[in-house]
Amino acid sequence: MLPELQPLLQGSTSGAPVRDQDVVRLECRMVPPRHRRAGTIVLPCTAAARVGFLLELSVRHAAVDIVDRGWCRDCPAGAPAAEAAPDASEGAATLPHPARAVVETASAWMEALEGATRIRLRHEPLDPSLRPARLPPAEDPGPVLDRRRFFQHAIERPAGRHASPQPMGSHGRAAHPASSRRPSAERARQHRALVALAERSGTPVPTEFFPALRPGGECCDARMCEALCPTRALTAVDGGQQAWLRFDPAACIACGACVRACPQGALTLQPHGGSSEVQVLFEHRRALCPSCGETYTPTSGEPGLCPGCQKTQRFIDDARRQLFGAMP
């Protein structure tokens, strides 16, 4: 891992108290050191900045500036983007930049917080002739991975030896149950930073941060949505004679996999404007299958066999008819 990427993936909301004039700047490693200000955070590419990283910086600083030197358009190492134009009042970039979408997302959440840190793009062009032909090495290269550790890592985690995961098991349960899935580390990082900022300003976490997942039809309790949810935002809870489908907005990344997976089209998703509370979307009556002993949700009428046993029974009946003809 590039050493500059470590703080982008792991961070903390703790730090020194915020000062009104405390501004932190983020610059590309392409910029020569003599043209950077003291205390600047150097990234291999400013497009590598994540929303959670910017929000954590906002907890510790009064302003976060991503400096645009006007080199992104033709940079061989970074994401292509149109050269940003300066704004007369703020000196901020107004045209596309690799980090623009990240800055806009973070700024949209910060608008609801009183006295929130400013996160902005600043256009401070440099002569393109100063840009090196290749990405310079990091000033602190970090620990060296020797050959022994490299091959040991390759043996412990070989590529191509694992079977392709199946989203659903043969009996209708998730092949990867919710207990084996993990929440998004980036999403949790964003939430921690917003909670810290909200406590400082005395306001709740902005509703723009929370997706809204609403029931829009009849749920068949097939649990495809839970099986395909990558972050455990959706969990099915069995309580014996009843079952519930719970939704945690703080863990949801609004990927829409649950909406696409639902065979009944019973879910609708809005990426923003939800609630922070864990919600119960559906509640179902459960029954015990007399054949296999599994609990299931009866579709209509009195409980009988579960869907898996019904399917097995149909196969048996079809095979019997083919062998012996119609049964009386």
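Think of each number as a place in line: the chain as shown, counted from 1.
Including glycine, each Cβ sits where the backbone N, Cα and C put it.
Feature annotation (TrEMBL): of 5-24, 125-144, the stretch labelled region 'Disordered' is 125-144. The range from 159-189, 190-220 that TrEMBL describes as region 'Disordered' is residues 159-189.
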